[in-house]
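**Q** Pasting a structure below so you can have a look.
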Amino acid sequence: MTDLDSNSIHTGLSGRMLLENPLLNKGTAFTFEERSELDLHGLLPPRVETLEEQCRRAYKSFVIKPTPILKHIYLRSLQDTNETLFYALVQRHLQEMLPIIYTPVVGQACQRYSDLYRRPRGLYISFPERDQIDAMLANFKRNIEVIVVTDGERILGLGDQGIGGMGICIGKLSLYSAVGGITPNLTLPITLDCGTNNKKLLEDPNYLGWRHERIGDDDYYEFLELFIQALKRRWPNALLQFEDFAINHATPLLEKYRDELCTFNDDIQGTAGVTAATLMAAAKAAGKSIEDLSVAFLGAGSAGCGIAEQIIRLMVGRGLSDEEARQRIYMVDRDGLVHDQMEGLRPFQQKLTHRFADIENWPAEGGASLADVIRIAKPDAIIGVSGQPGLFTQEIIENMAANHEQPIIFPLSNPISQVEALPEDIIKWTNGKALIATGSPFEPVQFNDRAYPIAQCNNIYIFPGLGLGVLASGANRISDKMLNVAVETLALASPALVNREAPLLPLMDRIQHVTNDIALAVALQAQKEGLAPVTELTDLEQKIRAKRWSPEYRRIRMSFC
Ligand SMILES: NC(=O)C1=CN([C@@H]2O[C@H](COP(=O)(O)OP(=O)(O)OC[C@H]3O[C@@H](n4cnc5c(N)ncnc54)[C@H](O)[C@@H]3O)[C@@H](O)[C@H]2O)C=CC1
Ligand SMILES: CC(=O)C(=O)O
Ligand SMILES: [Mg+2]
């Protein structure tokens, strides 16, 4: 029996079995008393280290790894050996290590998942084994409160990575713990292996997933339903985060399940939250308000349409009619600006069309391009969520700068290999005028004797706080209004509100603080809507504090029951 939440942890494990358990293993930090009680003498070097000393030693090993992917492999193996040390180390070097455990390097880790695979973590549910889902979930004896699930079909902007999608679920959950303070043993990454259409993976002899093309929609939705129902039986109150599903499944799954369990889609709702907040901050910095802006998107997919709807909700909340707000949004996809005469649009795209009659005089055969939209509609902001690199060309950026004193330019596609434009180019092409945010991290850009900090507009600013608020309050659903308050809270934390030269979002060293504020706002909103039991404010604050796990060693004791 293990109990990780009290100050001592009682376990039936001892000797090598204990050292093999990353949630309990302390490595060289086991004290002599513990070594005696738990049969560890001789299995560890004789010197007992503190957590601080272990962190120093681990950091030394980290910095000498010559490439980012080797650093990633090192940190992942530390996580699989000793989770407390892993989180203690990551929290001490958050700014430096986030890009290694998360975007951009996690992208490579997903692409090379089978080659790099070492130890089991999480749950793989493969379509051919779909009649055993209950038994698979039962393999995890502990309670699970947060799950990140993927089917691997749209990993960052890197397309179908099959079973390699597990890398992104592990990365996101590491952030739930490192940033949101969720106890690691309450989290579980899950990959639904539905096959893959990635030819390279299908032909790779090392590929560890089900070597089969992706299943068709009838089988797919039946499989997802089996998974959801099994999940509800095993952990009915768990928070389920959908991650990196392809455009054809992401919105339908969210709509199907959001009223049935506590769930959200990170790419639609988390991204919408952080981007709307960043846009509010950018509008303020440009001397405007969000309802004054018009916004063009490159990429009318899950992220793009999710962000657009969130912006529309904010605009309507500030007095515009729904129609007025929608007029301010321009969605550009592969075939150009989406309009109501376009064929093959998905239902969530149809709500974001312009009337063909209003744009038919735009001089564009075969559809108005982003460049046409910028020339004619002169949007204040452009947001790139196409997953395609380089599409914000010099001409596009220069035209944005010609139209606006401070053009807002957010190339949000991940990882860095897929970004629509590099910040240093945007700064150069706009002569330092642009207000920029990117999906992956970038160093400040040096231009004309000034350093321009680049905000990382990534859903990392939303999901750990949303999760912490949900778990601490006991909310059973995630509503649009809970996301709205997360947006408002994050926007208010923007350093650009007080200093025009500061980044649009708080620096990573403030992210835990902002996450707490978001958690409280979300929890209060859940209470207001009757989605969580009502408590006094001080009780709620206390619950959030109590829910926050910190990576410190607790005394490990032998359990005799
Ligand atoms: N910064 C952040 O926090 C987040 C960033 N993203 C990034 O956004 C990108 C897209 O993600 P999703 O919307 O979920 O994918 P998606 O596949 O649902 O949407 C992508 C859309 O871009 C369109 N597209 C592709 N090529 C295009 C082109 N040449 N011109 C115009 N449109 C084009 C596709 O037709 C599709 O509609 C990914 O790279 C992802 O990494 C997604 C979620 C969060
Ligand atoms: C950040 C993220 O969720 C994505 O790029 O898909
Ligand atoms: Mg994602």
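Keep in mind that glycine also has a Cβ here, set from the backbone N, Cα and C atoms.
For reference, TrEMBL lists these features for the protein:
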type	residues	note
DOMAIN	79-258	domain 'Malic enzyme N-terminal'
ACT_SITE	Y102	active site, proton donor
BINDING	R154, N414, N458	(S)-malate binding site
ACT_SITE	K172	active site, proton acceptor
BINDING	E243, D244, D267	divalent metal cation binding site
DOMAIN	268-527	domain 'Malic enzyme NAD-binding'
**Q** Just give me the nearest neighbour of the residue listed as 'active site, proton donor' among the binding-site residues R154, E243, D267, N458, Cα to Cα.
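**A** Spatially nearest to the residue listed as 'active site, proton donor' by Cα position is N458.
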**Q** Near ligand 1, which of the recorded positions K172, E243, D267, N458 are found, taking a Cβ distance under 6 A to any of its atoms?
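**A** List returned for ligand 1: D267, N458.
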**Q** Based on a Cβ-to-ligand 3 distance below 6 Å, what subset of the recorded positions K172, D244, N458 would you report?
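**A** So the answer is D244.
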**Q** Listed recorded positions are Y102, D244, D267, N458; which sit with C-beta under 6 angstroms of ligand 2?
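**A** Checking each Cβ against ligand 2, the ones under 6 Å are D244, D267, N458.
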**Q** Find the one among the recorded positions K172, E243, D244, D267 whose C-alpha lies closest to that of R154 ((S)-malate binding site).
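**A** When the Cα distances are compared, D244 comes out closest.
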**Q** How many whole Å apart are the CA atoms of N458 ((S)-malate binding site) and K172 (active site, proton acceptor)?
**A** 12
**Q** How many Å separate the Cα atoms of K172 (active site, proton acceptor) and D244 (divalent metal cation binding site)?
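**A** For K172 (active site, proton acceptor) versus D244 (divalent metal cation binding site), the Cα atoms are 11 Å apart.
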**Q** Around the divalent metal cation site formed by E243, D244, D267, which additional residues qualify by having Cβ within 8 Å of the site's Cβ center?
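**A** Close Cβ neighbours, site residues excluded: T150, R154, I155, I168, F242, F245, A250, N265, D266.
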**Q** If one looks at the chain holding E243 (divalent metal cation binding site), which residues at least 6 apart in sequence have a CB under 8 angstroms from its CB?
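**A** Expected: V148, V149, T150, G165, I168, C169, K172, N265, D266, D267.
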**Q** For D267 (divalent metal cation binding site), which DSSP three-state class applies?
**A** helix
**Q** Across the whole of the domain 'Malic enzyme NAD-binding' (268-527), what does the mean pLDDT come to? Round it, please.
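**A** Taking every residue in the domain 'Malic enzyme NAD-binding' (268-527) and averaging pLDDT yields 96.
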**Q** Just to verify a number: CA distance, D244 (divalent metal cation binding site) to N414 ((S)-malate binding site), in angstrom, no decimals.
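**A** N414 ((S)-malate binding site) has its Cα 12 Å from the Cα of D244 (divalent metal cation binding site).
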